[in-house]
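Undergrad: Take a look at this one; I'll ask things after.
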Amino acid sequence: MTHEEHHAARTLGVGKAIAVLTSGGDAQGMNAAVRAVVRVGIFTGARVFFVHEGYQGLVDGGDHIREATWESVSMMLQLGGTVIGSARCKDFREREGRLRAAHNLVKRGITNLCVIGGDGSLTGADTFRSEWSDLLSDLQKAGKITAEEATRSSYLNIVGLVGSIDNDFCGTDMTIGTDSALHRITEIVDAITTTAQSHQRTFVLEVMGRHCGYLALVTSLSCGADWVFIPECPPDDNWEDHLCRRLSETRTRGSRLNIIIVAEGAIDRNGKPITSEGVKDLVVRRLGYDTRVTVLGHVQRGGTPSAFDRILGSRMGVEAVMALLEGTPDTPACVVSLSGNQAVRLPLMECVQVTKDVTKAMDEKRFDEAMKLRGRSFMNNWEVYKLLAHIRPPAPKSGSYTVAVMNVGAPAAGMNAAVRSTVRIGLIQGNRVLVVHDGFEGPAKGQIEEAGWSYVGGWTGQGGSKLGSKRTLPKKSFEQISANITKFNIQGLVIIGGFEAYTGGLELMEGRKQFDELCIPFVVIPATVSNNVPGSDFSVGADTALNTICTTCDRIKQSAAGTKRRVFIIETMGGYCGYLATMAGLAAGADAAYIFEEPFTIRDLQANVEHLVQKMKTTVKRGLVLRNEKCNENYTTDFIFNLYSEEGKGIFDSRKNVLGHMQQGGSPTPFDRNFATKMGAKAMNWMAGKIKESYRNGRIFANTPDSGCVLGMRKRALVFQPVTELQNQTDFEHRIPKEQWWLKLRPILKILAKYEIDLDTSEHAHLEHISRKRSGEATV
């Protein structure tokens, strides 16, 4: 790409004006999107306007439409809700209201509108756009605008960002706010679990979501609920009997609590609402259990946005500005969506239509179709939920297999959820499942035991590694490991862990030449805070670590804001992998993030100091700098701290903070619980097929490359890749993959921190179509 093309982004918005508004129900992460739209808009040379109070502000005009500055969006990244206000607006539904809105935009020369809201808000925006030329001619006839103004504003570009905690918009895997709402729900479920266990209670929890069961479904997966009611898939006619039998079975197996999740729009097969109170009365009447109802309500909309929502909002905001400024009169109004980990642009009305089709299918009791229209991600959640929640584990049948599961490497939140899912899916398949303690030391020392259904009860929400996790590699102990594989008749191995799990897998492949016992299928599920396992864009545990860093950075920024003129240098974990530092930098609004993958010199450090000196002259008198622990052996945290302290003398003072092992702990986030659960299920389904395939002459013999794989998320799908094929994609010295997708987000971090850099626009999304997208949609 030429320098001219690079530089084009800096002048893309010159002479243009963008208005940003939030409409409908608020959602955490909207502020991140507003901030990104404002800053990237200003970066491209455009003028950016806030529209306060949603469409009402657009109709009322006046002070409701104000020009935004770089500083006006500072310190809003970590705030929930929407700082610019939102309102349900009746006026905009009438043509008269839209006429006034058009007048307000034309007078300010605004021809680009970024709308952050739900499907109703986005439909309103599309109507506005389609009427635009008629509205202008009416205004001109009425003498409210001149012919010149009408020509200057001849067409209106519209881009939508979906902000809704319900995740009810078709065409995107996640809407802004959904992950944070799941955080709120999970925090409450975890808190309720402890009291329910103390009193042997049953809790019925009602979660929001209107006519979409996403929140209820994912919550039930991430807390291991006994039953879930969602509108898309009403229970069978005799569900009352099934539910009561299920609850009493759980109690007989030794569980001290039952959790039932009810989506607020839940209905039965006849369309009759299922209420939380109704479910409670049923349980009390039939079983006599001590039962309580908790309606979570608006708590779910509140609180601090999660790291996921801040990054999602920021990425979507950048993409929205690019889509607006690249728009022509012929480009349809589009919505920026997330597919897997990729930003895509989809025609707004196609998405709205499919979203309406879901509601129509549910109204007409075509529930299977409603499920399909929600997309593959929703279907997958439902399939895994049904597997884990609704089946009594069968007794191991003859011809069953024995699969062992272990944790390798440093502990990561979500490992236990992956173990639970692996064990239970294995048992459901009718197989024997063994758990191995202390990583590869376990099979060497024979620390292996059989796991039953209850063995992993309640593991989903527990952090760390309950099986014990060591970094030891298997090579030195091949003889003992082989002996124990034979002794315990292990026919398949699930390895949940970080880079050591991957290198251990490579050693097992190598060892097959000497030891026939090692010729069994194995699969590696990446689980490490560092997110440095080749073959996967995400690792279990990285999201939890990211949220821990974010929370800490928020507190540190608050301290710095109170002190004024203070810069904090924070060291994050990750080995040589800069994922945590980069993503936390994006989510916490850092001024710089130093990483190994992007070499830096003393001149870069000097430029950062000068940048902070300039920043201290503005109204924002604080700085936040992140440094990955191994980004440079000489430019240590102490060195950078000393440099900043010296160079900033008299202008700002510096403090340093090494976050350390707190990043490995904590209760797993909903994302990690859900991701781990689905990875475990997917791995065991693969394992069952692979063992059958490798069964020869009365024993398992697997020596093909595809019998030892890493299960990873790649762009939009979960894929199995042979460990041997990943070798040439790995930098073994620094324990990182040679190519990492998140490096493309680095320029966004720098632009949002006000650096004068060139933005490569070639990476931006192109317009796709929803039907085509759905067939290749992410399976996560």
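A Cβ is built for glycine as well, from the same backbone N, Cα and C atoms used for every other residue.
Below, the features straight out of Swiss-Prot:
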{"type": "ACT_SITE", "residues": "ASP166", "note": "active site, proton acceptor"}
{"type": "BINDING", "residues": "ASP119", "note": "Mg(2+) binding site"}
{"type": "MOD_RES", "residues": "THR2", "note": "N-acetylthreonine"}
{"type": "MOD_RES", "residues": "LYS557", "note": "N6-(2-hydroxyisobutyryl)lysine"}
{"type": "REGION", "residues": "2-390", "note": "region 'N-terminal catalytic PFK domain 1'"}
{"type": "REGION", "residues": "391-401", "note": "region 'Interdomain linker'"}
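Can you tell me where each of these features sits in the structure?
TA: Around the Cβ of ASP166 (active site, proton acceptor), the number of neighbouring Cβ atoms within 10 Å comes to 27.
Around ASP119 (Mg(2+) binding site), taking its Cβ as the centre, 24 other Cβ atoms fall within 10 Å, counting all chains.
Counting only same-chain residues at least 6 apart in sequence, those with a Cβ under 8 Å from the Cβ of LYS557 (N6-(2-hydroxyisobutyryl)lysine) are MET75, GLN78, PHE568, ALA588, GLY589, ARG622, LEU624.
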Undergrad: How long is the line from the C-alpha of ASP119 (Mg(2+) binding site) to the C-alpha of ASP166 (active site, proton acceptor), rounded to the nearest angstrom?
TA: 11
